Amino acid sequence: MHKESPIIRRKSTRIYVGNVPIGDGAPIAVQSMTNTRTTDVEATVNQIKSLERVGVDIVRVSVPTMDAAEAFKLIKQQVKVPLVADIHFDYRIALKVAEYGVDCLRINPGNIGNEERIRQVVDCARDRNIPIRIGVNGGSLEKDIQEKYGEPTPEALVESAMRHVDILDKLNFDQFKVSVKASDVFLAVDSYRLLAKKIDQPLHLGITEAGGARAGSVKSAIGLGILLSEGIGDTLRISLAADPVEEVKVGFDILKSLRIRSRGINFIACPTCSRQEFDVIGTVNELEQRLEDIITPMDVSIIGCVVNGPGEAEVSTLGVTGAKTRSGFYEDGVRQKERLDNSNMIDLLEAKIRTKAAMLDGNLRININQLDK
């Protein structure tokens, strides 16, 4: 059963990436990035659609060449999710993807040319209502900043960010968000904390180059978890050397764990011991795969015995407490007369969860209709 998060979020300005609101209390958006060749339109479209299926809010696509810009046009026509074009050095690419309907430009104004070229890009973004993301990375700081600080520090990352922010300020452009990513958790956290005190624009969170699926997820959960718990962050990406779909799943899991944004099922499951009366691990793993399409927020507890089972079930949307041959079943914290056969637990629970999700979705639609009236 859903509980409100105690987190008080940092106040920020509002921008829109396509139809997705960012900042000013909007739901924290989960982003990912394609890792296909952008010029391989079919592969890139297929990957974006796989990200759409797991609920991604925004997808970033690298556009390093004019050929990639032409491919971007075709990609944009075939997907629904807002797209961010990641561009460095060549301002003409930014102008071209703007013409093709890009939803956001990820650029650093200071590395796309002289003042006139920067002005052209910013004027184009303003005319087409396209926001910009300033993206600073601890591994690619400007040479003079590297020489000044000797190594990446929070002050160095923020100085780099403010250098780009000042360029946009001088051009009277305020539709932007900023990131100050680093692969070191403490460096990233301290950089975001410092930046959050200096600007009002939305912040895009990430631990860059976090690592593989396991280590990268842990590192990102620690770093982003700290910042999010302090109310810092308006959008995020989990950077993994893995399938981008995993980035989205981990992102939603972090938000779900902090009760910031719930999407889909929050499984509460015991690590198991010799007291378990059915295969808890197998049941949870199978249900996670079968129920990936469920986006209705709900807590489902699956506990193998009666030690902690009843207590967890009483605070869950649906719950199972292990018993010999047939286990106890709870709905909305209330124990039901019906018991679930352990030998058919997975199929029975899947049916129960899908029925509950449909009912909750129906109630939500009724409430929305009542509000409209």
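Keep in mind that glycine also has a Cβ here, set from the backbone N, Cα and C atoms.
Its Cβ taken as reference, E312 ([4Fe-4S] cluster binding site) is surrounded by 20 other Cβ atoms within 10 Å in the chains shown. Among the features that Swiss-Prot reports, [4Fe-4S] cluster binding site is placed at C270, C273, C305, E312, with the record citing sequence analysis.
Around the Cβ of C270 ([4Fe-4S] cluster binding site), a 10 Å sphere holds 20 further Cβ atoms from the protein chains shown. Listed binding-site residues: C273, C305. The one with the lowest count of other Cβ atoms within 10 Å of its Cβ is C273. Other than the site residues C270, C273, C305, E312, same-chain residues with C-beta atoms no more than 8 angstroms from the centre of those residues' C-beta atoms, the [4Fe-4S] cluster site, are P271, T272, R275, Q276, V280, I303, G304, V307, N308, G309, G322.
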